[in-house]
Amino acid sequence: MITAAGVLYILALSFLSLSASLSAHSSKCTTASENLGCFPPELQNVFFFFSLYLVSFAQGGLSPCAQAFGADQFDEEDDCERKAKSTFFNWWYFFSLGSILVPLLTLTYIQDNVGWELGFGIPAIVMCLALVLFLTGRRTYRFRVNSDGKNTFVRIDRVLVRAAKNWKAAPVAISIDEQGPHSSAQFRFLDKALLTPDGSIDETICSVKDVEYTKAILRLVPIWFSCLAYGIVYAQPSTLFTKQAATIDLHLTPSFQLPAASLQLLFLTGTVPIFLPLYDRVFVPITRAITKKPTGVSTLQRIGIGLVLSLISIMLAALVERRRLALARKYGLVDKPNTMIPMSVWWLAPQFLLSGAADVFGLVGLQEFFYDQVPGELKSIGLAMYVSILGVASLLSSFLVSAVQKLTSRNGQGGWFADNLNRAHLDYFYWLLAGLCAAEFTAFIYFTKYYVYRRRMSV
């Protein structure tokens, strides 16, 4: 899958480069409304968006599989390697951010000053080199083997279907010896998948292992839902936080002014690589000495800390936005949206820094949790579930913005997201998100209280 997705990624990036080249040399122009505009032919537009969607499709196959495969290289039965696996997720995120910083600093310049063809072509070349490098290590990799050769999706589906068919049957009475060392008391209704029409137990169609795998997946669903609010807040630094920054004084020094879009690069993307080594080399050893756990704190505790930091960051954002609006009124700038509000950029630093700290705990914790708590054959699916939290949360964030703006802009009012940000109320929206975060954190605490960690199973 990694190889196939890598080849598809290279193809998609090459298509984007070709699309940029075709658009740059297009000579067909049409008139749009009253203004003269030059647009590429419709076929070029289709090809461009096809290339973009192909990039997303390739990334969907590459990202979770590559991360899961990297974590699979560590032996869970070895204490030293089990500790190292937790560190792996920290450094994976560290270098992932590093791979974002480099193109932000170099490729954007090339795209603006040299051409988009080269701007897309360079990532395609780099991806070729990365795929070659990945394949050179093929002889040294560890591979998980499905010993019984059965497709895990089919096995889980069969358990759900048979449990639904037998839902009226009496509870299954299985002894501990029959259940085996990996059995759990949760979702006992799934045990009915082992029953035959005459009420006897038959593992030839569904085994106890199949039932336990299904339980392991279902246990993740409440945690998934209770982290959506965190994902919504995660989407704000690159959107509304940046919109806040565009209205204030962005001078870091008297002679140097930072672009608003670069705040995320400086305060968030730039600081997470500092927080991660501190977490790995300072926080984990200290907590390990206290809790006697190899990772210092459990993955759910780590996620919980991230949720709290995320909540604090959005509350700080609301307070800072309230001050920004107060200064706009004080200096008579409410109806002057293009005039800079005399407020230092450093007021925004705490909310960005706390967002970065929340990612170190919450984001990396979610990666490790969803990898570790799924059956061996579904590690990439577990990480895909983690990625889907951010994807679904981004859609929910867009929906919330649209719905709130529609509700608050009635009767001719500008709404919470008015074009004139000095008449808008981003602070109200931030408090709404804070309320959602608090509610979901309460749900998270409730679900984690009853969560049973999956025991390591032989595959």
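Including glycine, each Cβ sits where the backbone N, Cα and C put it.
Where the annotation comes from TrEMBL, it is an automatic prediction and has not been curated.
Copied over from TrEMBL, here are the features:
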type	residues	note
SIGNAL	1-24	signal peptide
TRANSMEM	48-70	transmembrane segment
TRANSMEM	91-110	transmembrane segment
TRANSMEM	116-135	transmembrane segment
TRANSMEM	217-236	transmembrane segment
TRANSMEM	256-279	transmembrane segment
TRANSMEM	300-320	transmembrane segment
TRANSMEM	345-371	transmembrane segment
TRANSMEM	383-408	transmembrane segment
TRANSMEM	428-447	transmembrane segment
Interface check, the transmembrane segment (300-320) with the transmembrane segment (428-447), three or more C-beta pairs under 8 A = yes
Request  = Could you pull out which residues elsewhere in the chain have a CB under 8 Å from any CB of the transmembrane segment (91-110), counting only those six or more residues past its ends?
outcome  = 67, 70, 118-119, 122-123, 265, 269-270, 272-273, 276-277, 280, 359-360, 363-364, 367
Query = When you scan the chain for residues with a C-beta under 8 Å from the transmembrane segment (217-236), skipping those not six or more beyond its ends, what do you find?
reply = 156, 186-187, 190, 300, 303, 306-307, 310-311, 313-314, 317, 355, 358-359, 362-363, 366, 369-370, 373-375, 378, 382, 385, 388-390, 392-394, 396-397, 400, 430, 433, 436-437, 439-441, 443-444, 447-448, 451-452, 454
Remark   = Sequence-distant contacts of the transmembrane segment (256-279), meaning Cβ under 8 Å and at least 6 residues beyond its ends, amount to 90-91, 93-94, 97-98, 100-101, 104, 237-238, 241-243, 245-246, 250, 345, 348-349, 352-353, 355-357, 359-361, 364
Key: Same-chain residues near the transmembrane segment (48-70), Cβ under 8 Å, at least 6 residues beyond its ends   = 1-2, 4-6, 8-9, 11-13, 15-16, 18-19, 23, 40, 88, 92, 141, 367, 371, 379-384, 386-387
Note = Tertiary contacts of the signal peptide (1-24), defined by C-beta under 8 angstroms and 6+ residue spacing from its ends, are 40, 44, 47-48, 50-52, 54-55, 57-62, 65-66, 69, 115-121, 123-124, 127-128, 130-131, 134-135, 380
